[in-house]
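Visitor: Right, I'll just put the structure down here and ask away after.
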Amino acid sequence: MENIADSSPLTPHPSYTNFHATRRVESRNPAQAGPKGLFVTGTDTGVGKTLISCALLHAFTAAGNSTVGMKPVAAGCVPGQGGLHCEDVESLQRASSVRAPRELVNPYAFAPPVAPHVAAAEAGVTIDLKHIRHAYLALAELADKVVVEGVGGFRVPLDEFSDTADLAQLLDLPIVLVVGMRLGCLSHAMLTVEAIAARGLTLAGWVANRIEPDMERFDANLEALRQRIVAPLLGVVAFAPQPDAVRVARGLLLPLLSQP
Ligand SMILES: Nc1ncnc2c1ncn2[C@@H]1O[C@H](COP(=O)(O)OP(=O)(O)OP(=O)(O)O)[C@@H](O)[C@H]1O
Ligand SMILES: C[C@H](N)[C@H](N)CCCCCC(=O)O
Ligand SMILES: [Mg+2]
């Protein structure tokens, strides 16, 4: 993990004045402060949302919180004993300190590894955002911290009219953005930052995840995002053949999340 704790304060690019400035917070024990819930989104599918969600769960647990992960909508689940097995859900459950009912942790699971609104339609299921919110609120009663992992990127359709941004808005949680560092991520990251602001949501922080170790000019790309994203960079996660969420947790600057 590349340590950025002593990094220079983030100074937004002059042209980005329309974003609310995010105050650097002095480091406080996140066990006392910080958001109850977090919504983890990404620049795309396969960028490390599950890895970072699990790392956040481990970090909050290490800071003295009881924790539970949530995957409201999962696609690409595998039929198995007792129903569908979703790798994301099982990873989040392993990383949680509280064992919660599966129907709360993962209200909607679909087998086809496709866009969830397509999988839901094929299954004759309507994804009800209010049902997801009720499940989230029930989890919030069971643990100090709830980490909610989205699905794919920030605006993934969930039915004919709504998408995951509507879900994030309904849950009204601070957002953590996982940027999968590969060519093309700059635009995806900035569009997501813009969409989060347009919903009136708070970008609590972002993570640069090195999913492609041979990305050309990594440092210059990271600096471009640091200059433009007015939110704390919570960590730069190195590429690892077998990524370990507990190790990643140690490098996350959790105190930066503990905004009032
Ligand atoms: N820093 C990393 N180094 C090496 N492999 C990584 C890293 N981060 C993620 N991966 C791998 O990339 C794949 C996708 O990661 P992950 O499942 O966390 O993405 P995701 O955004 O949650 O995907 P989905 O949209 O399907 O939920 C996984 O196999 C994961 O182990
Ligand atoms: C199946 C995959 N691993 C994800 N869970 C679902 C990704 C949905 C992406 C939808 C889209 O933006 O095209
Ligand atoms: Mg995932």
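Every residue gets a Cβ built from N, Cα and C, even glycine.
Taken from TrEMBL, the feature ATP binding site applies to Gly46, Val47, Gly48, Lys49, Thr50, Leu51, Asp88, Glu149, Gly150, Val151, Gly152, Asn209, Arg210. The annotation Mg(2+) binding site is assigned in TrEMBL to Thr50, Asp88, Glu149. Summarising the annotation, TrEMBL assigns active site to Lys71.
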Visitor: Enumerate same-chain residues with a sequence separation of six or more from Gly46 (ATP binding site) and a Cβ-Cβ distance below 8 A; give 'none' if the list is empty.
Guide: Gly180, Ile211
Visitor: Ligand 3: which of the binding-site residues Gly46, Asp88, Gly152 have a Cβ closer than 6 angstroms to it?
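Guide: With ligand 3 as the reference and 6 Å as the Cβ limit, the list reads Asp88.
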Visitor: In whole Å, could you give the widest CA to CA gap in the ATP site formed by Gly46, Val47, Gly48, Lys49, Thr50, Leu51, Asp88, Glu149, Gly150, Val151, Gly152, Asn209, Arg210?
Guide: 19
Visitor: Hey, does DSSP put Glu149 (Mg(2+) binding site) in a helix, a strand, or just coil?
Guide: strand
Visitor: In whole Å, how far does the CA atom of Gly152 (ATP binding site) lie from that of Lys71 (active site)?
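Guide: Cα-Cα, rounded: 11 Å.
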Visitor: Just checking: which of the recorded positions Gly48, Thr50, Lys71, Asp88, Gly152 have a C-beta under 6 Å from ligand 1?
Guide: Gly48, Thr50, Asp88, Gly152
Visitor: Determine, for the Mg(2+) site, the additional residues of the same chain whose CB lies within 8 Å of the mean position of the CB atoms of Thr50, Asp88, Glu149; present them in sequence order.
Guide: Val40, Lys49, Ser53, Cys54, Gly69, Lys71, Ala74, Glu87, Val89, Ser91, Leu92
Visitor: Between Asp88 (ATP binding site) and Lys71 (active site), what C-alpha distance do you get in Å?
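Guide: One finds 7 Å between the Cα atoms of these residues.
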Visitor: Among the binding-site residues listed here (Gly48, Gly150, Arg210), which has the Cα closest to the Cα of Lys71 (active site)?
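Guide: Among Gly48, Gly150, Arg210, Gly150.
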Visitor: Give me the Cα-Cα distance between Arg210 (ATP binding site) and Glu149 (Mg(2+) binding site), rounded to a whole Å.
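Guide: Checking the Cα atoms of Arg210 (ATP binding site) and Glu149 (Mg(2+) binding site) gives a distance of 19 Å.
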